[in-house]
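Student: To start, I am sharing the structure in question, which I have written as structure tokens.
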Amino acid sequence: MRAAGCGGTGVAALTTKLSRSISQHQPKSMPQASVNSEQNPSVPNSPSAHKPARSQSAQSAPSRAKWFVRFFRSVFGYRKTSLTFLVALVFAATLLLSWADSSLDFSVDMPTSKHEQAVLSRSWESLQKIARTKHTYTSEGNDEVHAYLEAHIASLVAKKPYMELDTDKNGTRRVMFDVKYLSYDSVSYYESNNLVVRVNGSDSSLPALLVSAHYDSVPTSYGVTDDGMGVASMLGLLEHYSSVAQPKRTIIFNFNNNEEFGLYGAQAFLAHPWFSQIAYFLNLEGTGAGGKAILFRGTDYGIVRHFSSVRFPFASSLFQQGFNNRLIHSETDYSVYIKAGLRGLDLAFYKPRDIYHTTRDSIQNTNIKSLWHMLSSSLDFVEHVSSQTIDLDEEVHAEAGKRDLALYTSFWNHFVVFSVSQVVSANIALLVVVPVASLLLLFIIFRCNKGWGFNFVNAIKYPLSLVASVLVLTFVSQVIIVPSNPFLVNSSIGLLVATLFSLFLLLNYIVLNGLNLVFKSFKGHQHDEKLIVMCESSFLTWILLLWSTVKLSHNKFGDDHTGELFIPILFSLQAVACFLGFLGWCFKPSKKVKVSREEHQPLLSSNGSNYGTQDDDDSLAPSSSLSLQSGFSENCEVHETKSFSYDWLVQFLVIVPISSLIIFNSGSLILNGLNKSIQESLSAQNLIYKFIQIFVIVWSIPFLPFIFKLNRIIVLALSLVLLYGFFAVNITDAFNDANPLKLRFLETISMDTSPPTNLVTVSARSMDVVKDILEDMPSLKDSKTELSIDSLGDGMSLYSYETPLIPHLVPGVKNLTDYLSIDVLKDSSSVSDSPFGLLTGELKINVPRNRNCKIDFNMSNTVIKVSDTKFMESKRSPVRTVIVYNEDKYENKSSSVIGAGVPEGFSRDSKGNSVFKDMDGISQLQLNKLNWDKPYHIGFQWVPEIVESESVWSEKIRTKKLGVNIECYWGDLDQLAEKDKAGNPVVQDRVPAFEELLHYSPSYVSWANRDRGMVSVTKYIEV
């Protein structure tokens, strides 16, 4: 029996055989046989006519067979109802699985062993004590945390003879180094008080493993996530190793200080004598507030693959790519260790950034399960590396440039990692094999005349739809959404993604089906259009894969592509689905001569070959290479069989579920890590909206081959989401209690005026709401002070006003002028050097109860003379050498110390003074000391006018004067207890202006520090 149509293929052969088998075993009805016998005497009567009547059960067998086939086809055929059900199921599964993967409740189990429970309990108790008060480096709370840690660590170390503690007491370990990262470009002097613990291993020949975290916080934060969690995890590790057998490998713990404003503690540790033992490291950090700890970065594939030993791995090299390409504007101690040649990992909390560095980074906004996730990951990794010899031990001294970077990801506690070379090799294979195999199959299809009516109209529909939809999506995003509510992503990133995703799918649905209506009379215009869309999507992914492969093969810092592991996976899924379609056409019988309709008969029913409901929504698709109705018109050639195929189902299951999950999971991970950075700059805002558009487009592509058959229910649902989204965009608050507006505060007292000015500055995005909040402060309204707004560029503004609220930073200090005084011990007029020689300056800076000052050397006085006699401002500082004296000596023969014999970089003179020389110029000197009351005593040498190579340096006006600006910071926010004149105790806020802002700001505002402290005092002098 032959059937009319163009739709059968080889993939559906089993279905065809099933239909034939049922047809062959189906009994003929008695009346029909009699009629045939009577009408055609030449045909003998059917034997069945002489057989006794069948039983009722035998007669119902055909009905049961027909019912089974109908059910099978109605469920698995290419019908709108079936497709709609699967699409809805994929959406639900994607959202649910992605949420569960990032959820602590569903992906992390609490410890079950008594030992781990005890370790976690003590670690949580330690975290509570660390976070009892704010403890920035410039606060007394920092000393309290240091004292607690030292006592607790000492008690643990005492339990084992092979454990030892080293403390940098009283600033005995003094270092100087240049700090050049992010916005920092300075030379720093630092007195370390790190707490360093060594757990000596049984095999001293093995290189040591470093575990590092910092115990300081920013002035406005309790430092729970940043970085109390890391410190508590390290205490948990020490607790563990103080109660188990000696590890094979030595483990060194660096509890370092003052990370927040220059990574000082980690940098100082490089000078520690134990550092030379170390080859590997694990850095514990927090750039968010709670949640799950994610593997941010890894130095290379060799060390990253050992992260598979972790029981609850949570990782994505997308963050590594973001860090390496400077999309994330923060740094961790990881960067110090990697520059020192170590190999290791950066494990950190990553969201949300609007709570990060604010008072909301507290115990109440985290939980013990977050701590357990970081602690368990640290415990597993450290135990794995320290308990055995690993393969990396043989290549400890391998050059960093020769190490292969890693691409990695995780899902539901399964960790996957590949090296760059492995991915590049696999990508090249895919780039070559897939096109060759596809062309071979296409050659067979067209060479053997399989009847695929591919033409220009088929090819152009999808690109037209894609381009038109992208243009409309961009217009809606940039012209409608951004102007109406630009900061919406801060609070409602899901709403925005859902709205734009619905819009993009609907646009493609309308355009593609609209083109089908326009070309309805065109022969073959719908011939297997889903396969054509798959092929074109596969081609686009192939181009993306080619670009990614080229970039990966030349991967470098600043142009990193190690987060693109998903690209070859998505391309492979697209390619497999296309192969299925091509194979179906290859096994399809060749075209035959058209025969009359009367020669054909339905397989199972005289009513037609289309089973199931005849409603348009549930009709079997006529647009599949393997569909039940692949003929488009009566002019279509006839084939040997008509197969009721289900290739669409296989293709759907190959492409859509996995692709949707990978794309959504990766995209949501990035957005959750970046969306709060919209408050940090206009460029960050543009980046986020651009990424949302890319995310929506990429997430839609797996669904587009099947967009033609979307049920009206899905279309209605998408329309409702779109309408609600457009409505909600205009009424949803960008900032609320859960997603606060983040403002940054600094109060600056300038000694350059008389009386001193007391100025509050607040930095934030340029928006009216900030102005309204500040102008509503009682002190502004009472003093009738005018708010000044200055642009900082990149969408940021500086809001400033003079405040009558005087800070109380130090007990006993009543006058603002007592906070900073400068003694000039030596200036340019005190030496007889020629204008072309080095001039020397020496200062004593007196500041009570202070730990941090910054000195900027004025570059505006220095010009460079070029050959065309024009003058231009030099960006180089005239200062070449700085010295920090250990003792408070006012008469120091610095000229004999600072001379031509001083080496570049950091050195110490014969008296132990710290010297740093940089012939490129020193524009800023950061001073960090541990003694609260000791003055700063510094010296420096500069070049007022000198010939170096082709450049001539000279002063603009004051040939022998150097501008020096001193700014000192206080960061303590605890209340100050004093006694009044009558001897009664009086408690005062240290920074009343900040407390006023905290008290009167709306609940949707969170406050952070602008700089190294909450209050700074400045003074400008010339020497």
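Keep in mind that glycine also has a Cβ here, set from the backbone N, Cα and C atoms.
According to Swiss-Prot:
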type	residues	note
REGION	17-59	region 'Disordered'
COMPBIAS	17-48	compositional bias 'Polar residues'
TRANSMEM	81-101	transmembrane segment
TOPO_DOM	102-425	topological domain 'Vacuolar'
CARBOHYD	N170	N-linked glycosylation site
CARBOHYD	N200	N-linked glycosylation site
BINDING	H214, D226, E285	Zn(2+) 1 binding site
BINDING	D226, E260, H357	Zn(2+) 2 binding site
ACT_SITE	E259	active site, proton acceptor
SITE	Y356	site 'Transition state stabilizer'
TRANSMEM	426-446	transmembrane segment
TRANSMEM	462-482	transmembrane segment
TOPO_DOM	483-491	topological domain 'Vacuolar'
CARBOHYD	N490	N-linked glycosylation site
TRANSMEM	492-512	transmembrane segment
TRANSMEM	530-550	transmembrane segment
TOPO_DOM	551-564	topological domain 'Vacuolar'
TRANSMEM	565-585	transmembrane segment
REGION	604-626	region 'Disordered'
COMPBIAS	604-613	compositional bias 'Polar residues'
TRANSMEM	644-664	transmembrane segment
TOPO_DOM	665-687	topological domain 'Vacuolar'
CARBOHYD	N675	N-linked glycosylation site
TRANSMEM	688-708	transmembrane segment
TRANSMEM	713-733	transmembrane segment
TOPO_DOM	734-1023	topological domain 'Vacuolar'
CARBOHYD	N815	N-linked glycosylation site
CARBOHYD	N858	N-linked glycosylation site
CARBOHYD	N892	N-linked glycosylation site
Student: Name the residue among the glycosylation sites N200, N490, N675, N815, N858 whose Cβ has the smallest number of other Cβ atoms within 10 Å.
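Tutor: Output over glycosylation sites N200, N490, N675, N815, N858: least Cβ neighbours within 10 Å is N815.
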Student: Quick one: Cα separation, N490 (N-linked glycosylation site) versus D226 (Zn(2+) 1 binding site), in Å?
Tutor: 21
Student: Report, as numbers and ranges, which residues of the same chain sit near the transmembrane segment (713-733): CB under 8 Å and 6 or more residues beyond its ends.
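Tutor: Distant Cβ neighbours of the transmembrane segment (713-733) are 84, 87-88, 480-481, 484-485, 488, 491-492, 495-496, 498-500, 502-503, 505-506, 509, 1004.
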Student: If you measure from the C-alpha of H214 (Zn(2+) 1 binding site), which of the recorded positions E259, N675, N858 fall inside 10 Å?
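Tutor: Of E259, N675, N858, within range: E259.
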Student: Which one of these stretches, 81-101, 426-446, 462-482, 492-512, has the most C-beta pairs shorter than 8 Å to the transmembrane segment (530-550)?
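Tutor: Answer, by Cβ pair count: 426-446.
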Student: Apart from its near flanks, which chain residues at least 6 from the ends of the transmembrane segment (426-446) lie with a Cβ under 8 angstroms of it?
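Tutor: 418, 452, 535, 538, 542, 545-546, 548-549, 552, 568, 571-572, 575, 578-579, 582-583, 585-586.
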Student: With Cβ distances under 8 Å as the criterion, find the stretch in 81-101, 462-482, 492-512, 565-585, 688-708 that has the most pairs with the transmembrane segment (644-664).
Tutor: 565-585
Student: Does the transmembrane segment (462-482) make contact with the transmembrane segment (492-512) through 3 or more Cβ pairs under 8 Å, each pair 6 or more apart in sequence?
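Tutor: With 3 or more qualifying Cβ pairs, these stretches touch.
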Student: Tally every other Cβ atom lying within 10 Å of the Cβ atom of H214 (Zn(2+) 1 binding site).
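Tutor: Neighbour count, Cβ to Cβ under the 10 Å cut-off: 30.
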Student: Using a Cβ cut-off under 8 Å, which residues of the same chain at least 6 positions beyond either end of the topological domain 'Vacuolar' (551-564) come close to it?
Tutor: 316-322, 324-326, 405-407, 420, 423-424, 427
Student: Can you break down the topological domain 'Vacuolar' (483-491) into helix, strand and coil residue counts using DSSP?
Tutor: 5 helix, 0 strand, 4 coil
Student: Can you name the far-off residues of the same chain, 6+ from the ends of the topological domain 'Vacuolar' (483-491), with a Cβ under 8 Å from a Cβ of it?
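Tutor: That would be 354, 671, 675-676, 678-679, 685, 688-689, 692, 729-730, 732-736, 738-739, 741, 765, 767.
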Student: Could you list the residues of the same chain, at least six apart in sequence, whose Cβ is under 8 A from the Cβ of Y356 (site 'Transition state stabilizer')?
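Tutor: Expected: T225, D226, G286, T287, G288, A289, K676.
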